[in-house]
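The next block holds one structure in the form of structure tokens; read it before the comments.
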There are 2 protein chains.
Amino acid sequence: MALPGLPVLRTAQDTRARLRQIAARLHSNQQHTRQVETIIAAVREQGDAALLDFTARFDGQRFAAQELLVAPEAGARALDSLPTELRLALEAAHSRIEAFHCQQRPPDIDMTGPYGERLQRCWRPMTRAGLYIPGGRAAYPSTVLMNAIPAKVAGVEQVVMVTPPSKDGSVNPVVLAAAALAGVDQIYRIGGAQAIAALAYGTETVPAVDVITGPGNVYVTMAKKAVYGTVAIDALAGPSEVLVIADETAAPELVAADLLAQAEHDPLAAAVVLTTSDHLLSRLPSCLARQLAEHPKPATSARSLQDWGLAAKVATLEDAVDLANEFAPEHLELLVAQPDTLLPRIRHAGAVFIGPETPEAVGDYLAGPNHTLPTSGTARFAGALGVETFMTNMSLIHYTHGALEATGQHVMAMAASEGLHSHGESVRRRLKTQKE
Amino acid sequence: MALPGLPVLRTAQDTRARLRQIAARLHSNQQHTRQVETIIAAVREQGDAALLDFTARFDGQRFAAQELLVAPEAGARALDSLPTELRLALEAAHSRIEAFHCQQRPPDIDMTGPYGERLQRCWRPMTRAGLYIPGGRAAYPSTVLMNAIPAKVAGVEQVVMVTPPSKDGSVNPVVLAAAALAGVDQIYRIGGAQAIAALAYGTETVPAVDVITGPGNVYVTMAKKAVYGTVAIDALAGPSEVLVIADETAAPELVAADLLAQAEHDPLAAAVVLTTSDHLLSRLPSCLARQLAEHPKPATSARSLQDWGLAAKVATLEDAVDLANEFAPEHLELLVAQPDTLLPRIRHAGAVFIGPETPEAVGDYLAGPNHTLPTSGTARFAGALGVETFMTNMSLIHYTHGALEATGQHVMAMAASEGLHSHGESVRRRLKTQKE
């Protein structure tokens, strides 16, 4: 295995420029857009017929409509058949994620105004949620837990999962087991833009949902954007990324391990380290090479490091944080002696992994916070998937006659300034009615 | 003035079918999509040059770039020049809306896990917000307050407002005054899809923002959808609607006034009443006709009532609530003797106006809750604009070595099941390092 070509930069200017390129590494193109629009329109108009047709074409499975739904007992069976070690792991992850998410239920407001009027904001679960779980090369039971648990904690009545069938038409048993553990109500063997369209508009077989969450390839992501507004969606996920800030105390082998844990996801994954340590920069290539040589499937990681990896020297750790804030990474690791001194300076990151005992992998699987995080710089305006992703709020306003008398003239003045005659009338008539 | 042609239906089946048509009254078309894509691409690539060009073409104003920004002192001047009555109204509205929104700041989480690991969720304001305030026929100071106040309460550093110039190139003074009152930092005289593109991507003059909120016409709404993902947006607003549930105690004149207060917004606005009262149904047409005759600009209301208005008989108030839940109205009025008995049954509505003393207009202007509400049935999955619209959350994970020892084997088991070798390695190496 050759040395991975992790580029090394030494000026803030070069680093900033390269980070901008890395943040922009994924752009959808017009051709994808038109294809996705066509698929969505077909499923919306033709329902199951189109859904089955696309499943045959893209997933190679000639299902009948009644074969789309995975047998309800399959999940419990898969859970019972899991190796003990993995079952204990999933149960530990489930209980830790649930404990953290139980604290996320947004609080209601119930206040009484100065004239006895009652003003409320009530949060309620959405009725049906649709979870997209990618299939393909790997199975991701952690993605099932991270999407299903917040929906269940929110109180969603019906949690529907879709996942593309594997080559023999089956669904990965660990994914089935995780779904059973998390209380997923129904699983359909469909994937791609056609699965998103089915969840958004419903077909004869697949129920229409209120919100769609979960990661997917570029077609899935574009389909989610297309149906946004017809349903709610969690976010538009891009490829994953980590930015590691390391000082002289960071062990090069651990930095290398953490970079590789990001790079192995996807050739488009980005693993970046900003460091004050020349020692680390000089040791990193050989550490990466040695660890890559032990990797059972090194090609993806090598490609990702070469294309989107970066090691850069910074003058101070504060400079590193400033660059990180501009990049707004999905994952930010602080492999430094005094991480707490840097925390107040951090503005934009999906999740921060603090200190040498916190590899990103604990957050990926079971620390508790959600692993569905904003990518590609969107941490500027987006946070983790949460319980509120599956809830909505309703305002309640209950005025008294006294409140209307006290504030009615203000309503009429504002209505007049906006040229809305009947708005004012709706108040004036009530005040008059009572006086008569 | 002829009787408005408010259709009257008498079976639940007819009513349900008509409500579905009303909910679907707005669909964008492909032609709009392409136009909006072209405008956005031009502003993104050419910045101010394209922005000025579209402003000349669509708003008839040949501005230089430095004329886009409204002079900072204009707001304070407009506020000082307001008639006292209107100034007091805006101040009352501001203080009531602020008091309600101050309770909306989402709470942080800070918990310690069983092995001493610390897990946090921290909410933070976004840095820059862009508010779109429609121009055209009317000025909407209430929209300024309802968008700016949540942004300020969230703690947004820079609140930027855009609004299309009027025919003489100016911005409505009441809008300027409301912006000054609410603490808007900058106002640009731009509108349409080009203003949304400028806020999303930035130009030489207009700063790029993190989130765009506010209502607009179909071009603005489609532009918001197009830039969703590059920035956050509040929602895709459709035309406004009210559904009134009325019993025998509801005064026909007040029902008529409330329907007209919705209908006067827009020919596409929808005003619906579901009632158990034959008396109300028989009185409503003449009440509407009489009130319309007093309206200074009755054409919009008459058109809206004719095209999208509905009065329907229901057997019971519970039936009415069930129909309302399916329709998921933006505004739901309960003009009934015992509104509290209906509340537990209500599942989907943007805001509920409870009892005869609560016309929707109090919520539009100053009750306290936000008037930016989900339209076209989207209350199934969306709520009011809120303080959290302008905030994001960041997860913080700080593991101890003990926590890694206690949970590390679970992380490694899950990583192995997902085929992610380096994820497991990042934990294994840390556990090994410490043992040596």
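For all residues, glycine too, the Cβ spot is worked out from N, Cα and C.
Bear in mind that the values here come from a model prediction, so they are computed numbers and not experimental data.
Now, the feature entries from TrEMBL:
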type: ACT_SITE; residues: B:Glu330; note: active site, proton acceptor
type: ACT_SITE; residues: B:His331; note: active site, proton acceptor
type: BINDING; residues: B:Tyr132, B:Gln194, B:Asn217; note: NAD(+) binding site
type: BINDING; residues: B:Ser240, B:Gln262, B:His265, B:His331, B:Asp364, B:Glu418, B:His423; note: substrate binding site
type: BINDING; residues: B:Gln262, B:His265, B:Asp364, B:His423; note: Zn(2+) binding site
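Binding-site extent for substrate: residues B:Ser240, B:Gln262, B:His265, B:His331, B:Asp364, B:Glu418, B:His423, maximum pairwise Cα distance 57 Å (rounded to the nearest whole number). Same-chain residues that are not part of B:Tyr132, B:Gln194, B:Asn217 yet have a Cβ within 8 Å of the Cβ center of the NAD(+) site turn out to be B:Pro134, B:Val162, B:Pro164, B:Gly191, B:Gly192, B:Ala193, B:Ala195, B:Ile196, B:Gly216, B:Tyr219, B:Val220, B:Ala223. Here B:Gln194 (NAD(+) binding site) is positioned 29 angstrom away from B:Gln262 (substrate binding site), judged by their C-alpha atoms. When the binding-site residues B:Tyr132, B:Gln194, B:Asn217, B:His265, B:Glu418, B:His423 are screened for a C-alpha within 10 angstroms of the C-alpha of B:His331 (active site, proton acceptor), no residue qualifies. Ranked by CA distance from B:Glu330 (active site, proton acceptor), the binding-site residues B:Tyr132, B:Gln194, B:Asn217, B:Ser240, B:Asp364 have B:Ser240 at the top as the closest. With an 8 Å limit on C-beta distances, the recorded positions from B:Ser240, B:His331, B:Glu418, B:His423 that reach chain A are B:Glu418, B:His423.
Around B:Asp364 (substrate binding site), the same-chain residues six or more apart in sequence whose CB sits under 8 Å from its CB are B:Ser142, B:His371, listed in sequence order.
Looking at B:Gln194, B:Asn217, B:Ser240, B:Gln262, the binding-site residues in this record, the fewest other C-beta atoms within 10 angstroms of the C-beta turn up around B:Asn217. For the recorded site, B:His331 (active site, proton acceptor), the DSSP three-state label reads strand. Mapped onto three states, the DSSP output places B:Ser240 (substrate binding site) in coil. A separation of roughly 47 Å, to the nearest angstrom, links the Cα atoms of B:Glu418 (substrate binding site) and B:Asn217 (NAD(+) binding site). Here the recorded positions are B:Glu330, B:Glu418, and the one whose Cβ sees the fewest other Cβ atoms within 10 Å is B:Glu418. Under the three-state DSSP scheme, B:Tyr132 (NAD(+) binding site) falls in the strand class.
In sequence order, B:Val411, B:Ala415 make up the list of same-chain residues 6 or more apart from B:His423 (substrate binding site) whose Cβ falls under 8 Å from its Cβ. In the structure shown, across all protein chains, B:His331 is the one of the recorded positions B:His265, B:His331 with the greatest number of other Cβ atoms within 10 Å.
Among the residues the record lists as binding NAD(+), namely B:Tyr132, B:Gln194, B:Asn217, the two farthest apart have Cα atoms separated by 13 Å. B:Tyr132 (NAD(+) binding site) and B:Ser240 (substrate binding site) have their C-alpha atoms 17 Å apart, to the nearest angstrom.
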